[in-house]
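Here is the structure we will look at.
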Amino acid sequence: MDRRVVITGMGGLCGLGTDTTSIWKWMREGRSAIGPLLNTELHGLKGIVGAEVKALPDHNIDRKQLVSMDRISVLAVIAAHEAMRQAGLSCNEGNALRFGATVGVGLGGWDATEKAYRTLLVDGGTRTEIFTGVKAMPSAAACQVSMSLGLRGPVFGVTSACSSANHAIASAVDQIKCGRADVMLAGGSDAPLVWIVLKAWEAMRALAPDTCRPFSAGRKGVVLGEGAGMAVLESYEHATARGATILAEVAGVGLSADAFHITAPAVHGPESAMRACLADAGLNAEDVDYLNAHGTGTKANDQNETTAIKRVFGDHAYSMSISSTKSTHAHCIGAASALEMIACVMAIQEGVVPPTANYREPDPDCDLDVTPNVPRERKVRVAMSNAFAMGGTNAVLAFKQV
């Protein structure tokens with residue numbers, strides 16, 4: 001069954017803001033949310049920057065449900081409710097079996113895991129908090145979204161590190177195309193700003209000491225952030241039948257694996273995923289106006305991605321617009337490509353390419369137009385989003401104007 005899949009609602013929160021309007025406002029302007037961490041439970045960890053959600057917005061999550069939720073689930077549920085409101089949809093007994101959710105989570109509920117560790121091994125406790133297990137499981141965010149909204153169709157978690165959200169969106173597209181659902185909530189959530197995760201990334205020598213500078217000479221690494229992004233996906237027929245406002249079409253999906261190294265990037269994997277995405281969408285390389293790059297700010301990743309883009313797009317690589325919005329919201333792991341989906345869809349909606357913030361000076365190995373520091377007005381009919389994870393799991397999406 002070849003059904004077109006469209007986006008009719010989006011929700012999100014991250015260091016930039018607690019709804020899609022504020023996220024896009026500051027993303028578009030190139031304002032960075034990266035700064036010193038204010039979390040009081042980092043147990044003496046100093047000198048690490050990140051992008052925090054400093055205060056949660058008001059929400060109507062049931063208190064009985066809230067006690068069983070880790071931060072990743074809370075973020076996902078808040079974003080999911082916003083997406084449903086924008087889409088003008090609600091779930092009821094008549095349609096619940098045709099509504100589902102796929103939520104990408106790169107790390108899981110490490111806040112609950114760390115608290116259990118400290119209770120047992122530091123404080124000398126004998127038992128963990130009762131909901132530790134269900135808070136920490138990678139599928140928790142998807143389950144909590146399902147329960148909060150009453151979704152009874154296909155519901156599952158997706159985990160593939162930094163490409164989790166794009167994989168979740170791709171999986172949701174498949175559910176609709178295969179006829180298993182009419183509506184899917186899809187995206188990602190992660191909350192990595194906890195002591196144990198930050199220490200693990202510090203040990204890999206991957207963290208930047210100051211800020212995230214994708215594609216800029218002198219870039220020093222990744223900055224972690226927390227957040228969530230969710231989209232309402234519908235079959236085109238379902239959306240038009242109810243008179244929905246269509247924000248964009250998910251035109252293509254490209255998936256691949258490097259099969260190379262657990263941390264080091266390879267060119268062939270990202271290249272294959274981008275080529276597969278173009279083929280799935282029926283697009284030529286020249287059709288892409290804007291590419292939201294994976295762009296983590298590490299020397300190896302940004303150079304590798306630049307090479308892959310040149311291989312796929314040829315001369316057009318130098319004329320299309322590219323940017324990495326991780327420079328504004330940081331690397332939110334499982335939520336990263338969900339937030340970048342918001343960037344792509346809004347670029348299509350408003351004809352503005354968000355910039356790569358914090359850019360200082362050109363790197364001759366990253367010589368493409370990465371929209372440094374200043375947004376650019378441009379007609380965007382097709383936008384592509386790259387997500388390339390540690391372990392070499394790659395997921396690329398193409399979004400198209402409808």
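One-based numbering along the chain as shown.
Glycine is no exception: its Cβ is also placed from the backbone N, Cα and C atoms.
The structure displayed is predicted, hence computed values, not measured ones.
What Swiss-Prot says about this one:
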{"type": "DOMAIN", "residues": "2-401", "note": "domain 'Ketosynthase family 3 (KS3)'"}
{"type": "ACT_SITE", "residues": "C162", "note": "active site, for beta-ketoacyl synthase activity"}
{"type": "ACT_SITE", "residues": "H294", "note": "active site, for beta-ketoacyl synthase activity"}
{"type": "TRANSMEM", "residues": "329-348", "note": "transmembrane segment"}
{"type": "ACT_SITE", "residues": "H331", "note": "active site, for beta-ketoacyl synthase activity"}
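Here H294 (active site, for beta-ketoacyl synthase activity) comes close to C162, P270, N301, E305, S324, N386, A387, F388: these same-chain residues lie at least six apart in sequence, with C-beta atoms under 8 angstroms from its C-beta. The 10 Å shell around the Cβ of H331 (active site, for beta-ketoacyl synthase activity) contains 30 further Cβ atoms across the protein chains shown. For C162 (active site, for beta-ketoacyl synthase activity), the count of additional Cβ atoms within 10 Å of its Cβ stands at 30 [all protein chains shown].
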